[in-house]
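Inspection log for the structure reproduced underneath, given as structure tokens.
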Amino acid sequence: MLKRNIQLNKQVYSIWVFVVCVSRLLGFLEILIFLRSPKPASVSFAGHGNHKENSPFLNNLEAGKGGDYYDKNLALFEEELDIRPKVSSLLGKLVNYTNLTQGVKEHEEAENTDGSKKKVSKSPSMGTLMGVYLPCMQNIFGVILFLRLTWMVGMAGVLQSFLIVLLCCCCTMLTTISMSAIATNGVVPAGGSYFMISRSLGPEFGGAVGLCFYLGTTFAGAMYILGAIEILLTYIVPQAAIFHPSGAHDASSAMLNNMRVYGTVFLLLMAVVVFVGVKYVNKFASLFLACVVISILSIYAGAIKSIFDPPEFPICMLGNRTLSRDQFDVCAKTIVKDNITVASKLWELFCHNTSLTTDNCDEYFLLNNVSEIAGIPGAASGILKDNLWSNYLEKGEILEKAHHPSVDAAGQKNNLHLYVLSDIATSFMVLVGIFFPSVTGIMAGSNRSGDLKDAQKSIPVGTILAIVTTSLVYFSCVLLFGACIEGVVLRDKYGDAVNKNLVVGTLSWPSPWVIVIGSFFSTCGAGLQSLTGAPRLLQAIAKDNIIPFLWVFGHGKANGEPTWALLLTALIAELGILIASLDMVAPILSMFFLMCYLFVNLACAVQTLLRTPNWRPRFKYYHWALSFLGMSICLALMFISSWYYALVAMLIAGMIYKYIEYQGAEKEWGDGIRGLSLSAARYALLRLEEGPPHTKNWRPQLLVLLKLDEDLHVKYPRLLTFASQLKAGKGLTIIGSVIQGNFLETYGEAQAAEQTIKNMMDIEKVKGFCQVVVANKVREGIAHLIQSCGLGGMKHNTVVLGWPYGWRQSEDPRSWKTFIGTVRCTTAAHLALLVPKNVSFYPSNHERYNEGNIDVWWIVHDGGMLMLLPFLLKQHKVWRKCKMRIFTVAQMDDNSIQMKKDLATFLYQLRIEAEVEVVEMLVKDRHSIARLESLYSDEEDETDPVPENIQMTWTKEKCDSEKRNRSSAVGSFRDLISIKPNQSNVRRMHTAVKLNEVIVNRSHDARLVLLNMPGPPKNTDGDENYMEFLEVLTEGLERVLLVRGGGREVITIYS
């Protein structure tokens, strides 16, 4: 058995080798045929000659010339191969796909490329370490770590600092999990969060959040520049300051002005560097990262050294108050000089004399002793227990050491500048806003996805490792700062107590200059990175063309460098520079980054809950609950940091969203919001299936039947105008039309007709849907539309049908027969019917009726349609100023005054304002009511009994008496009438004429007349007479709307 298997395997292997050799040989022959072809075709990346085409598939007509072997074996699919690719071609196209990043790589290559020689594009080759981990580390570590983390620990204490770091790191970790799921769900071109959000949540959210992320990145550049200037003017060369304080209390304003001037200069220099060539930024990226790593290592080395040999940075205390050490050398009130006790510099500052007299001395200075304490006690000193708890200060409050001996006394206000003061009011919320920018930068890996060898593996692993690493660094630094540095030094933001040294630099080893120089270069590098990335993000948004006014920023230099976007970025960054305060700029960019992260989490949650077929991320460690938790933390941090900044950021995003929704280009990216809309629509439709709508919720859901001419143009566009005025954008509107013919032959015409109708709907501002049906007979197509339009509970309940003009002159009776057949179909389907007659005279949407009446002739009860329709029309601006009048008919024997009162009461209960009039029939026409009844009756027999409860003005007794009067007619009179044409038709015509006289007499000047539409006869032989009745009934009226109810109540007096 084993030998048999071995032999079988050998045979299979031999066959496989033979097939491979044959395929290679055929491929070689195909290449030779292609090269020898007299008409060379452009070589596509799939290896086949290929001309430009609109289809997303390869055109195999040319490929087939060299691949007859495949075509003969696939003869069964030869028709499909004309328009669809072979599997081999498709796979070749996908494998050779090159994903060019929108970042800096292609721009750098374009700058290095000579005009005559072009470089061959290299395939992505960056791994997890160089492509994701280190760039994320470089973007996360920044100016806050070196300039504000020690101050945060001093103000919030170690425990609350742990909480702040934990909140911010949890936010970015949860966002990274969501981002990893999105980034591994297919190929993600560069563009980072903008691409992921826009393709997951749609162009509206993508554009809004993309611009917010752009603003955040731009303000981050301003923040890094301000940090670099602060390091330069405070710790490196304070002598370079241009503005100097004129008084003791003008130091802060002078510093802000210096920051503005130097910040503007630095911004211009960095913008020039980015404009000249981003390759210089890339080449120095490694140097900037090395500065960050060396600086962090020096902190750990200094913390370890402080256990055995703490650095000497003595702090001068007056009582329990911290003195600013840069204004004196000796921490004592007096000094011994040549065996003589003389006043020290400190005495001169507080007493304004050198003679040791106390007349003008500060009272607090006299009552308290001057002492020195160690600024860096070291990790073994036990200072950690003093730094565990928070010590928030108000603006201008003096830094004091708790439990240090002091005597309370009122000092002089003009000596406050001698102490170390708090420059801003601090709280937990303020510190969260300032610290959060130090955990941003997690998108650096996704921004480089085009350069990664395996983006779907590198992005999750590299980003999560970077966040874990930076989080550990932050937690350990919080602990080390609290354990090694005195509390008053921690709360000293600018190092005034340690002789203007950078506080974190006092702990570093071997020298504070390691941190100062390293942090300066790292912040400069981070600023350059921000000014490099922000314009390209704006360029990506502009090229998507979702925000029309940004189109100019999609252009740039010949190599694609976003020149205009860089200019706008520099201008916006200048706004941040003019703010000039690092502590005020940080919360601004925190808002924009938090909003971006919020929508990344939302995108992942929506895609996960919708379970769309394309949602198949390779990163499996995600869950919608984690995404919602991350989204909640982002939202909470926004309002914790600064509720007014949060509202402004949300307002900006909301305005951009609405602008894109109304003015932006329509994009179909298969986003999650569309899927969410489909799920919501499905849920709503299933709810509607639970039962018919209540009378209070009833509104006309229209099916408008349009007629098209031979050129597929809408014959009566005012039908659409009337529909838009009646609906005013509310409820369901379906525009239907029928094309006569065979579906297989006229499908293209149906598509063209549908597009024509949609264009006309846009012109007439009709919010609804369009459906064109191809049928052998128009009557059958209309019946199909009436039966099948709509979905579930979202179906039409009212049909709008055009009047068949010229039916008398037409030799072809199909037009009016189709009209009557449609009336019968709507009656059978229990649908309401509206027939606008003389629709060409109906007003357009641009007209306004400042006066006039809408007259309602209420002949039979139709469920309240005649009452509801004028009310709905008056909601539109065209009909808003028209008055409503209701007419009804009474006999002479009726109490018309009481009827009028009853009708007025009924309208009052319906909350409808209208004038009421009761029209009395003449005595000589005592059978007019019966004839009127016969006009609205479907009965065709000779006796023509009067139905009950048709007209609201009749009573049961009057109906019975009318029947008795008819039965008592002499037989000779019946015989006389029977000689003439169909007596039923004569009675109906007589009624139509008399009723038309009354209507024209009362409503000849009305803007619109609404009238009950009689039903068609049951016997089809009388169809032509029925059309005559309708013509006579509406003759002499300019605009008439014939209304036929659907057999249910549509209006109620109850709330």
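Cβ atoms here come from the backbone N, Cα and C positions, even for glycine.
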Stated TrEMBL location of transmembrane segment, expressed as one of 621-638, 855-872 | 621-638
Which of 259-278, 284-303, 459-485 contacts the transmembrane segment (163-188) most, counting Cβ pairs under 8 Å = 459-485
Determine the mean pLDDT over the domain 'Amino acid permease/ SLC12A' (132-307), rounding to the nearest whole number.
-> 86
Go through the chain and flag residues at least 6 beyond the ends of the transmembrane segment (621-638) whose CB is under 8 A from any CB in it; none is fine as an answer.
-> 167-168, 170-171, 174-175, 177-178, 180-181, 432, 436, 590-591, 594-595, 597-598, 601-602, 604-605, 608-609, 645-646, 649
Same-chain residues near the transmembrane segment (284-303), Cβ under 8 Å, at least 6 residues beyond its ends | 134-135, 137-138, 141, 145-146, 311, 379, 473, 476-477, 480, 483-484, 504, 507-510, 514-515, 517-519, 521-522, 524-526, 528-529
Residues of the domain 'SLC12A transporter C-terminal' (717-834) by DSSP state, where helix covers H, G and I | 58 helix, 24 strand, 36 coil
Non-local residues, at least 6 beyond the ends, that sit with Cβ under 8 Å of the transmembrane segment (564-582) | 143, 147-148, 215, 218-219, 221-223, 225-227, 230, 256-257, 259-260, 263-264, 267-268, 271, 274-275, 531, 534-536, 538-539, 542, 552-553, 555-556, 588
